[in-house]
Ligand SMILES: *[C@@H]1O[C@H](CO)[C@@H](O)[C@H](O)[C@H]1NC(C)=O
Ligand SMILES: *[C@@H]1O[C@H](CO)[C@@H](O)[C@H](O)[C@H]1NC(C)=O
Ligand SMILES: *[C@@H]1O[C@H](CO)[C@@H](O)[C@H](O)[C@H]1NC(C)=O
Ligand SMILES: *[C@@H]1O[C@H](CO)[C@@H](O)[C@H](O)[C@H]1NC(C)=O
């Protein structure tokens, strides 16, 4: 009797834990279209805008590997959301390939976002809400701090402080890239707790040895 009870109990724990979160926080990453196209191995088919648009919303861990490609139902077209996704989440290299980008982001990252975001509809609706309704548009956040995309050299602190002013003073993660001797701001990540209820300081800053490490000054945006 006790044996069976124990077995059933551990089976339950196993089932529950396998559907429970394997992530500690979310990264909401946006890419600066012009810089993205400057470094893309194949030229962008569409002219890039001077705007940050969504790269993805990624469930992430503070230690170890981030979850990817979790088991999921097949990707379904989400026509109702497409007009908004086309604006905030284009495939910057080729807007005709938007659907492929969304599908890949869903399989690679969205499929692991349960329980906070239990399904595909929830995942995409949440990104739209964060970007538009919650005004987590990085271009907008920078602009609010009077940092416009003018191709000027900025200090790291200037950029960080501008973003912190729009994210409850939490520290973002920034990616820079070197192109023709210049350093460009290419990605900004805003971090959120595992509930997506509040901003947090981004864990795991890029190591100094990373090719994307941002210097303290002369960052072009
Ligand atoms: C984005 O578009 C490019 C160019 O067509 C394509 O090669 C790439 O696979 C697309 N990205 C995704 C994730 O589908
Ligand atoms: C994001 O912010 C920029 C700068 O304020 C603005 O030009 C752009 O239209 C915004 N994007 C969306 C989709 O609202
Ligand atoms: C998630 O949200 C609930 C309710 O707001 C809160 O009690 C809980 O602490 C949050 N968990 C995390 C990890 O932030
Ligand atoms: C920005 O910084 C780079 C690298 O230090 C320098 O070569 C460039 O002249 C600077 N650009 C401007 C507009 O000051």
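Including glycine, each Cβ sits where the backbone N, Cα and C put it.
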Given Swiss-Prot lists 55, 91, 92, 101, 104, 105, 108, 109 for RNA, the same-site residue among 31, 34, 79: 31
Conformational class of residue 137 (N-linked glycosylation site) under the three-state DSSP mapping: coil
Pairwise CA distance, residue 37 (disulfide bond) versus residue 31 (RNA binding site), rounded so that it is a whole Å: 10
Largest separation between Cα atoms (Å) of residues that the record links to RNA, namely 31, 55, 91, 92, 101, 104, 105, 108, 109: 19
